[in-house]
Amino acid sequence: MSSRTAHASQPHGGMDYNHAEDPEYKRLRDMANKEYERKKQLSEESQAAYKSGDGGEAKRLSELAQQHAQKMDDYNRQAAEWVFRANNADSAEDEIDLHGLYVKEAISMLQTRIDAARARGETHLDVIVGKGNHSQNHVAKIKPAVEDLCRQMNFKYALENGNSGVLVVDLTGPGGQVDWNQLAPRPNKKPSHKLQNHYQQQGAHYGQNQYSQQQQHHNNQQGGNDDVINILCGIFKIIRKCLN
C-alpha cells in the first residue's frame, strides 16, 4: 500500500511501516547524533588548545573531530537510504514519500524527482509530506519547505482532498491546465512494480554513494548540505532508467 495513512516497507516484509518505530532507522539516527556530540566536543577542545598556544594538540583534536564528522555523515546517509527505500518501495509512479528524511534531504530528493517527472511529461506529482506527528512539538517541517520550493519553481500546489499530509504539485508550470478537482484521493492507486523491483534489487548498492550532511542537534533541528544532492541524483538516475 502506498500510502496516505500507512507506509509499507520491503525491508520489513510488507508490514505497515512507521519510521518512528523502526529500530534500525532510530539506531542509525541515534548513532549519528552521538557522533555529532563527540565531534562538537572535540572541536571545542581543539579551539581551546589553539587559544592556549598548543598548536600540535589543536591539530590532533581537530583531526579526531573530522573523523567523527565522517562517521556522523555515514550514519545519516544510511538512515536516509533506509527510510527512503522503506517508504517508496511500493510507491505509485506519480508519488514520492518524504517521511523520515531531514528537510534538506527531502527537498533535494524532491527536486530530482520533479526533474525526472517533467522529463517524462508527467503533469503532477503527489508529495507525501506528513502532518508533523513525528516532528518536535508536532510542527510540520517538510510541508512548508515543499511549499517554499513550489513557489520558487512557480508550480501550483494544493492539499489532496481529504488528506492534509499530501501535497499535489502541478508540474505543468505557471498557468498550467491540471484539473485539481480530478486529484482527489485514489484509494485504488496501484504501486509501480518497476519502482518496487528497483528498490529490491538496488537497495544493497546504495551504500556505495556518499554525501555529507550537517547533523541534527538534540533540539532535532534538521540539517544537511549540498553534497546530499549527489546521492539523490544517483538514486533517481537509476529510477529513470527503470521507468523508461
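Glycine is treated like the rest: Cβ placed from N, Cα and C.
Bear in mind that TrEMBL entries carry predicted annotations, made automatically and left uncurated.
The region 'Disordered' annotation in TrEMBL covers 1-58 (among others).
Per TrEMBL, the feature compositional bias 'Basic and acidic residues' maps to 18-43. Across the compositional bias 'Basic and acidic residues' (18-43), DSSP assigns 24 helix, 0 strand, 2 coil.
Residue counts of the domain 'Smr' (96-172) by helix, strand and coil are 31 helix, 19 strand, 27 coil (DSSP-based). Residues or ranges marked as domain 'Smr' in TrEMBL: 96-172.
Annotated region 'Disordered' per TrEMBL: 183-224 (among others), in sequence order.
Among the features that TrEMBL reports, compositional bias 'Basic residues' is placed at 187-196.
Per TrEMBL, the feature compositional bias 'Low complexity' maps to 205-224.
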